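Worksheet: one structure, shown below.
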């Protein structure tokens with residue numbers, strides 16, 4: 001394929017046929033388990049507050065909004081799906097487009113396909129088992145292994161991430177030749193993420209998928225704090241062959257705590273000179289009504305297909321990557 005022929009698909013037709021078969025297989029997986037497929041908006045008047053996510057913003061100027069109404073493309077369908085859970089829909093899944101105004105590269109495209117699902121009355125471990133079932137079915141891989149965030153740091157960096165101070169984290173970063181970044185960083189969680197990215201991720205999931213669970217409580221996001229160890233959150237991530245595939249939570253159901261976390265995110269944004277984002281008060285109001293205890297996970301479908309096909313880049317399994325869109 002000529003590099004100048006940008007009208008052509010970035011993926012081959014055989015790869016697109018295989019991708020379609022995988023999408024059918026995913027839907028069958030959930031249909032067989034009685035999980036309802038849903039569709040939620042791609043745009044919202046509110047967005048994520050996470051300091052590490054950059055959403056796309058647009059403006060609606062239709063009838064009744066001559067002054068314009070700010071809308072955000074969804075980075076994930078999470079907030080709307082949780083409102084459906086509160087409304088009583090039961091277990092649900094969604095295959096949808098998500099958007100993040102971030103990097104483009106081998107494993108990234110600003111527009112991508114997300115698989116997200118929620119299981120009322122599942123704890124984190126039961127959902128991890130279901131994710132493992134899906135990966136084995138789609139990838140024909142071995143059963144996954146699991147280790148805690150603390151175990152991962154102790155095994156590969158010889159440091160305890162739950163007790164180490166910033167000086168110790170910078171010392172660990174120096175061993176990875178990351179002092180030029182770490183020495184200027186004051187946020188402890190950013191230091192931990194730096195160490196995880198460069199010191200842990202390259203070592204896990206080489207032969208089989210690997211679940212890393214019980215992230216620090218300070219990185220809980222929308223997950224519950226463990227009742228057994230308040231230092232950690234009921235959150236997990238899945239890695240395979242150098243790729244982060246999924247991020248899951250035992251979901252937070254406390255409306256007040258969730259609102260406080262959103263507000264804390266915005267304070268962190270302000271401290272970093274980042275724009276503060278509108279909080280999704282519809283989600284907060286729904287949580288006040290009461291969301292069933294549940295666990296949920298978001299999985300990158302393009303990355304899953306890339307692994308299933310043995311492709312080198314996301315663009316090999318997407319009809320038109322952003323540079324050809």
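Glycine too: its Cβ is placed from the backbone N, Cα and C atoms.
Per Swiss-Prot, these features apply:
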type: BINDING; residues: 76, 77, 78, 118, 251; note: substrate binding site
type: BINDING; residues: 100, 101, 102, 109, 244, 245, 300; note: ATP binding site
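Secondary structure at residue 245 (ATP binding site), as computed by DSSP, is strand. Secondary structure at residue 251 (substrate binding site), taken from DSSP and collapsed to helix, strand or coil, is strand. Most other Cβ atoms within 10 A: among the binding-site residues 244, 251, that distinction falls to 251. For the pair residue 76 (substrate binding site) and residue 101 (ATP binding site), the C-alpha distance works out to 13 angstrom. Cα separation, residue 102 (ATP binding site) to residue 78 (substrate binding site), rounded: 19 Å. If you draw a 10 Å sphere around the CB of residue 300 (ATP binding site), it holds 23 other CB atoms from the protein chains shown.
Within 10 Å of the C-beta atom of residue 78 (substrate binding site) sit 24 other C-beta atoms, taking all shown protein chains into account. The Cβ centroid of 76, 77, 78, 118, 251 marks the substrate site; residues of that chain outside this set whose Cβ lies within 8 Å of it are 79, 80, 81, 82, 116, 222, 296, 298, given in sequence order. When the alpha carbons of residue 78 (substrate binding site) and residue 101 (ATP binding site) are compared, the span between them is 18 angstrom. Neighbour density around each Cβ, counted as other Cβ atoms within 10 Å, peaks among the binding-site residues 76, 101, 109 at 109. Reduced to three states, the DSSP call for residue 109 (ATP binding site) is coil.
The Cα of residue 109 (ATP binding site) lies closest to that of 77, out of the binding-site residues 77, 118, 251. Near residue 101 (ATP binding site), with the C-alpha within 10 Å of its C-alpha, lie none of the binding-site residues 77, 118, 251. Each of the binding-site residues 77, 100, 102, 118, 245 was scored by how many other Cβ atoms lie within 10 Å of its Cβ, and the smallest score goes to 102. Considering only the binding-site residues 77, 118, 251, residue 300 (ATP binding site) has 77 as its nearest partner by CA-CA distance.
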